[in-house]
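If you look up Swiss-Prot, you'll see Ile25, Gly26, Gln27, Gly28, Thr29, Phe30, Gly31, Glu32, Val33, Lys48 marked as ATP binding site. Residues annotated as active site, proton acceptor in Swiss-Prot: Asp153. Annotation source Swiss-Prot lists region 'Disordered' at 345-376. Feature annotation from Swiss-Prot assigns compositional bias 'Low complexity' to 354-369.
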Amino acid sequence: MVKNYDSVEFPYCDEVSKYERLAKIGQGTFGEVFKAKHRQTGKKVALKKVLMENEKEGFPITALREIKILQLLKHENVVHLIEICRNKISPTANQYNRCKGTIFLVFDFCEHDLAGLLSNAHVKFTVAEIKKVMQMLLNGLYYIHRNKILHRDMKAANVLITRDGVLKLADFGLARAFSLAKNSQPNKYTNRVVTLWYRPPELLLGERDYGPPIDLWGAGCIMAEMWTRSPIMQGNTEQHQLTLISQLCGSITPEVWPNVDKYELYQKLELPKGQKRKVKERLKAYVKDVCALDLIDKLLILDPAQRTDSDEALNHDFFWSDPMPSDLKNMLSTHNQSMFEYLAPPRRRGGHMPQQPANQARNPAATNQSEFDRVF
């Protein structure tokens, strides 16, 4: 779908000086993200910098891909690209240098990201509010997948939420169009995508012909995180991440994942054997809702062919049983400050369970660190 990058629509770019930068709210390999406001209207926006210095052949293809995808996607639960701006160009710049400098993607401003909210102990989600978060997240995934787009970087920091409680999938810097394999020729997408803690087992094993299930695995990790308040599998390496996945989701074998032994890495890596699936058992100390546990379990299925998709997930009993999904606006209205992962203290990592919610008794079985490596 997103093939012809010549059709990217930005024949004229305004200068970014029309916006006043207010604060830095994000940092990554791509550059920086700033909160800003339009100098004339006062409208708040987010400015995402696209670094150009190292591009010897014009505009970076990854940025072109992101822009094209963002222009294609128009949905309430997907971040909205307003325009593209640039730094002021010198009057003496030649045609080559006019393509250099810094480009900014301008987005509608969202007050929070989910990682920032979960980092704040004063932010407490009810089950009904968690249902609303996941319903919006899955609606966004359903829409992008229906439009043949993979996000490829699902994580809590890339889930934005406005002050009015509207969720937006964000950061399409790794996104790409996908298609079914043609003429028995498998796709050869890169598997070096998705932040390690949210990366599904098929990518860790080297799969290059993948599809929407990679994003649903990330959705499952995020859903569990709504209760645990920190990423549930925090590996240090790809091998370690596969070990943690095996300890939570059971040993990776052809019995539970047909043809998994086709992967060269499956033969090379020493993965844990004899591990039983413990998703529900390990999470029940945090997640008291039976339907929620069942949906998380279905999203974290090892075999991508058996993993639930966004349509099935949205029809799950979790969303259609009491309490019904509830608006986030009232809860968020009690918090005046924006919350972003970049501005929050480092989230708990490695060696310890995340803090147990005050109203939940800790399950001794779930804290026996002698039996398993770091998972939650």
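Placed from the backbone N, Cα and C atoms, the Cβ positions cover glycine too.
In this structure, the CA atom of Gln27 (ATP binding site) is 15 Å away from the CA atom of Asp153 (active site, proton acceptor). Long-range neighbours of Gly31 (ATP binding site) (same chain, six or more residues apart, CB within less than 8 Å of its CB): Lys48, Lys49, Val50, Leu51. If you draw a 10 Å sphere around the CB of Gln27 (ATP binding site), it holds 12 other CB atoms from the protein chains shown. With respect to their backbone Cα atoms, the residue listed as 'active site, proton acceptor' and Ile25 (ATP binding site) stand 18 Å from each other.
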